[in-house]
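Report on one structure; see the data block that follows.
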Amino acid sequence: MPRVAVLATGGTIASSKGADGTSVASRGVQDLVAALGAGDVAVEARDVLQLGSYLLAHRHLRLIAEAVAAELARPEVDGVVVTHGTDTMEETAYLLDLVHNSPKPVVFTGAQRPADAADTDGPANLREAIAVAAASRARGHGVLISFAGRIYAARGTRKAHTVAPAPFQTADGGPIGRMDGTDVRFAMQPLRPPALPLPSTAFDSTRVDVVSAYPGADAALAAAAVEAGAAAVVIAGSGVGNGNHALCAWAEEAVRAGVVVGLSTRVAEGPVVPYYGNGGGADLMRAGAVPLGSLPLFQARILLALLIAGGRKPDGQLLDPYL
Ligand SMILES: NC(=O)C[C@H](N)C(=O)O
């Protein structure tokens, strides 16, 4: 019988209403697993955290990465499931994908409706995620997100709807697999860039901020980020990654001072491309901003933080296999 380790971190899948009527992550992993009943997979369950994912800091992401690595290292474990809030699942799942160095599947899941709701989607999502983690077909695909019958590669996948029961979308793509009843099916296999080392404690304090371009935006927030200790600032440019004259002038100075300036886009899908001058993306890149391809904005932030925490200077060549 395949063996799957379920690691719980909180999120709506573990949430129920408190006295004030708001939902808070308050259920342990044994509650989640007890709702499943017996199946044909041996399940071991352990709590790592019990937090809404909107509360996570880098140190929490590192703890999850370490807990997953410890399970993957056990020969008797065939796969790992991580239950996690959906708000920032794209960040944690992508971090784990970047450091994933095993054929065994790691499968993230969660819920959009709390554990005490009559129509909670948690048990069905967890049952499916366990089936994916136990499936030999899921080996070699890296870190996956299994949600509402669909299976996504972590890289490129983001939360695209606040409340929909299937809230995830892959930029310029779709699910790579699905549940056919209880059967796990894949239609494609993600390309896997070389695995990076696990985050060290330096990751906890590596500050990478995001500032947006919008009509009338100046560089005050970008400058404040550097002042607060940011090692890198990601500009969420408009369109193909455009800024304005104020952001270009700031970027030139920041790059000269040793700050990494990443260039992403506030648009949901599509790459950053140096089409425009007069304060546009081409000028930001001339100022030294590094383009972050079509990686979703908040995954690009994680990539820079992991590289910088590992003592690497993210330039075009280093970033290329990950974009
Ligand atoms: N559906 C969810 O899990 C959202 C929740 N706020 C969280 O990320 O923890």
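Just so you know, the numbers here start at 1 and follow the chain as drawn.
Using the three backbone atoms N, Cα and C, a Cβ is placed for every residue, glycine included.
Whatever TrEMBL says is automated annotation, not expert-curated.
Quick look at what TrEMBL annotates:
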type     : residues            : note
ACT_SITE : Thr12               : active site
ACT_SITE : Thr12               : active site, O-isoaspartyl threonine intermediate
ACT_SITE : Thr86               : active site
BINDING  : Ser53, Thr86, Asp87 : substrate binding site
DOMAIN   : 3-190               : domain 'L-asparaginase N-terminal'
DOMAIN   : 207-314             : domain 'Asparaginase/glutaminase C-terminal'
Item to check | 8 Å Cβ shell about Ser53, Thr86, Asp87 centroid, substrate site members excluded | outcome: Gly11, Thr12, Gly52, Tyr54, His84, Gly85, Thr88, Met89, Gly110, Lys159
Checklist entry - 10 Å Cβ neighbour count around Asp87 (substrate binding site)? => result 18
Checklist entry - Using DSSP and three states only, what is Thr12 (active site)? => result helix
Item to check | Assigned conformation of Ser53 (substrate binding site) - DSSP reduced to three states | outcome: helix
Next on the checklist: Taking only the residues in the domain 'L-asparaginase N-terminal' (3-190), give me the average pLDDT of this model.
Outcome noted: 96
Item to check | Number of other Cβ atoms within 10 Å of the Cβ of Thr86 (active site) across all protein chains | outcome: 25
